[in-house]
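To keep things clear, I will list the structure first and then write my remarks on it.
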Ligand SMILES: Cc1cc2nc3c(=O)[nH]c(=O)nc-3n(C[C@H](O)[C@H](O)[C@H](O)COP(=O)(O)OP(=O)(O)OC[C@H]3O[C@@H](n4cnc5c(N)ncnc54)[C@H](O)[C@@H]3O)c2cc1C
Ligand code: SF4
Ligand code: SF4
Ligand code: SF4
């Protein structure tokens with residue numbers, strides 16, 4: 001038992017498993033599920049001034065590129081071209097852009113413009129990351145302290161003559177071509193497009209401990225000097241907590257900073273350095289209590305519990321600051337019918353259920369397999385593609401003769417096209433190509449271009465054209481009638497009656513898809529020695545070698561057909577993969593399925609040795625096939641990989657099967673623990689925005705490696721490059737350790753930020 005625990009920990013459970021915060025679902029330039037509404041600023045997930053300004057201006061530009069957006073530009077028009085909700089940095093950046101483009105717009109602000117910044121503590125230093133970034137729209141941030149920043153921003157607002165309207169917007173409703181902004185008071189405002197720039201204006205997160213309601217507990221620090229001489233506890237591990245601690249110590253306050261984790265990784269490097277130096281200085285003004293959490297707040301004391309030893313300590317205290325962040329205003333989005341990441345409504349479950357049922361039918365039809373406890377699909381649910389082939393072959397004239405003659409290309413295709421799997425593979429390949437081209441256009445990095453073309457080529461050539469057209473066509477033209485050709489075909493594609501082309505050309509998938517993903521060249525009544533040799537070299541020699549150098553993603557992100565679909569069709573669904581420790585435990589399911597495949601293989605080999613009448617052969621052919629859960633073909637191949645793997649695609653991302661259940665991935669995870677592949681992180685650039693973690697469709701908590709400067713080595717990684725590509729500050733790079741354990745970076749650039757930096761230098 002102990003061994004299994006240690007094994008599970010070594011393979012999967014030791015890696016960080018942070019969750020992804022709930023935010024409105026926004027695509028490129030803040031696009032949402034409601035036409036005409038874009039989300040900008042902090043709500044896009046990157047809580048920095050420059051990004052807020054950048055996203056605000058970009059959203060207005062994106063509206064202008066939409067063909068449906070027809071601005072009137074008439075200041076007298078009752079309908080606004082653009083309504084901007086929120087007068088923070090992103091809202092004012094959007095307004096400046098709208099002014100520049102001569103649009104008819106208005107900004108609606110519930111408090112006063114830049115209220116978030118006005119609420120920063122007095123004299124708070126301002127960090128303007130990334131230093132090289134120049135936000136779209138030209139807003140600048142040159143100030144070094146809060147008061148100067150407010151003046152600088154006000155000046156830019158006045159320059160563009162922006163006068164926000166004082167109103168709180170409660171929700172947005174779409175009616176026909178127009179959007180109605182419902183105010184807390186008065187008539188709704190009508191607009192053609194809406195920019196939502198309301199920042200993190202939701203509730204402050206709660207400590208959920210006794211005493212939290214006391215007057216001495218605050219969520220925001222205004223003037224540090226008010227607390228001079230007092231004993232203050234700050235709870236939190238982000239920039240707000242770190243900056244408040246620094247400001248209070250400088251104002252002569254005795255500060256205790258409590259954070260539940262073992263290391264301060266989220267604040268900016270300058271803040272971390274300052275905290276470390278203050279906490280180690282001899283005047284003992286700052287006590288840094290890592291791995292602790294408050295359990296009770298009394299009038300003159302607080303109780304802190306150590307997360308390591310579970311022991312409690314009571315410390316004298318006058319004031320508590322709970323600086324553990326604010327919730328995004330999710331209710332605003334729900335009222336406005338804007339989708340929120342992770343929200344699962346009735347329509348979510350109904351839609352997914354219907355698609356799973358469709359996949360249930362599709363994979364039984366495609367595989368010609370009986371439904372457990374029911375039997376074969378009825379005729380009305382089982383359209384026969386052979387009818388089309390027959391019709392083509394019965395055409396009169398020259399064309400008909402081409403279809404009738406199997407030695408012509410048309411003749412071969414018409415025979416291949418008499419099975420459902422031909423249409424399935426054709427549609428699969430077409431989807432990979434169409435969505436692959438879209439991915440290349442959307443993501444625009446050299447890595448993605450080369451990777452996607454490779455995936456498309458592997459899918460179309462060896463996984464479709466080769467088995468469905470080239471191999472059978474060669475066969476019909478006598479290539480396998482004698483000599484080496486005959487040996488090759490007899491070894492790899494035995495003759496059969498059931499296949500319209502006369503041989504099992506589908507086995508050619510085995511040239512690309514390795515055991516145990518493609519188990520059917522191994523689970524045969526008699527050993528197919530050719531496949532056993534080719535497959536063993538693939539699974540036990542080639543895969544370990546390529547994984548050692550490039551990681552598991554060399555196969556899962558560059559070759560495998562399931563990976564091809566997940567990276568193309570699944571590209572826009574990656575953020576739907578659930579994260580967190582519970583889901584990470586499910587990563588071990590694949591190990592169970594791998595063990596099942598190995599057990600079946602052993603039974604199969606014993607059956608080969610003991611003969612077809614042996615118990616082992618009976619178990620394999622009869623026993624296991626009668627019980628759906630023991631029938632590998634039905635349970636693993638059809639139900640887990642097909643029905644659930646694809647059925648959950650648009651609801652839980654395209655990598656459910658790959659992450660949790662694929663037995664080949666389970667084997668490769670073991671190889672990957674010995675890999676030199678890493679995703680390296682330049683720690684000082686990381687702003688702990690969590691964007692990388694949120695786009696990882698293998699559920700990896702990449703931020704928790706990056707903000708500690710640790711190379712990412714979770715074996716689940718499929719090298720999709722989404723984290724590297726999406727990181728706003730270019731922290732991450734693919735690479736590997738050389739023999740001396742020095743990082744060697746990939747030549748193909750996967751980060752647009754790094755590419756821009758390289759192009760400039
Ligand atoms: C303590 C603290 C320190 C920070 N330090 C830095 C730093 O040093 N460097 C840095 O780059 N970034 C820093 N940031 C982050 C930065 O402040 C934000 O990224 C930026 O302010 C976000 O701008 P925004 O326009 O998205 O939202 P906000 O600035 O929050 O603006 C949202 C506006 O919308 C208004 N509003 C909300 N709801 C409604 C409604 N329903 N109707 C009408 N109006 C509404 C609000 O009143 C507010 O004025 C810090 C943030 C905090 C909290
Ligand atoms: S996890 Fe399995 S199915 Fe997915 S890409 Fe890798 S090998 Fe293919
Ligand atoms: S490349 Fe990044 S996003 Fe893709 S699987 Fe690996 S860690 Fe996740
Ligand atoms: S590495 Fe991740 S957390 Fe750090 S800046 Fe990049 S996306 Fe944000």
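Easy rule for this one: first residue shown is 1, then count along the chain.
Keep in mind that glycine also has a Cβ here, set from the backbone N, Cα and C atoms.
Caution: TrEMBL annotation is automatic and unverified by curators.
Summarising the annotation, TrEMBL assigns transmembrane segment to 346-364 (among others). Sequence-distant contacts of the transmembrane segment (346-364) (same chain, at least 6 residues past either end, Cβ-Cβ under 8 Å): 370-371, 377, 381, 424, 638-639, 642-644, 646-651.
What TrEMBL records for 422-440 (among others) is transmembrane segment.
Positions annotated as transmembrane segment by TrEMBL: 452-474 (among others).
According to TrEMBL, the feature transmembrane segment maps to 528-547 (among others).
Same-chain residues lying 6+ beyond the ends of the transmembrane segment (586-611) with a Cβ under 8 Å from its Cβ atoms: 8, 11-13, 515-516, 519, 522-524, 526-527, 617, 619-620, 624, 632, 636, 640, 659-663, 665-667, 669, 699, 716. Summarising the annotation, TrEMBL assigns transmembrane segment to 586-611 (among others).
Listed as Cβ neighbours of the transmembrane segment (631-652) (distance under 8 Å, sequence separation of 6 or more from its ends, same chain) are residues 348, 351-352, 355-356, 358-360, 362-364, 367, 369, 372, 519-520, 523, 562, 569-570, 573, 576-578, 593, 596-597, 600, 624-625, 658, 661-663. If you look up TrEMBL, you'll see 631-652 (among others) marked as transmembrane segment.
Residues or ranges marked as domain '4Fe-4S ferredoxin-type' in TrEMBL: 677-708 (among others). Within the chain, the domain '4Fe-4S ferredoxin-type' (677-708) has long-range Cβ neighbours (under 8 A, six or more residues past its boundaries) at 15-18, 20-21, 45-48, 129-130, 238, 263, 265-269, 341, 547, 549-551, 553, 566, 570, 573-579, 583-584, 587, 653-655, 658-659, 714, 716-720, 722-724, 726-737, 743, 745.
Taken from TrEMBL, the feature domain '4Fe-4S ferredoxin-type' applies to 709-737 (among others). Within its own chain, the domain '4Fe-4S ferredoxin-type' (709-737) is flanked in space by residues 11-12, 15, 46, 51, 129-130, 443, 445, 447-448, 451, 549-554, 556-558, 563, 566-567, 574, 587, 655, 658-659, 668-670, 672-673, 675-683, 685-687, 689, 691-693, 695-700, 702, 743-746, 748, 750-754, 757, which lie at least six positions past its ends and keep a Cβ under 8 Å from the stretch.
Per-residue pLDDT, averaged over the domain '4Fe-4S ferredoxin-type' (709-737), rounds to 96. The residues of the domain '4Fe-4S ferredoxin-type' (709-737), classed with DSSP into helix (H, G, I), strand (E, B) and coil, number 5 helix, 7 strand, 17 coil.
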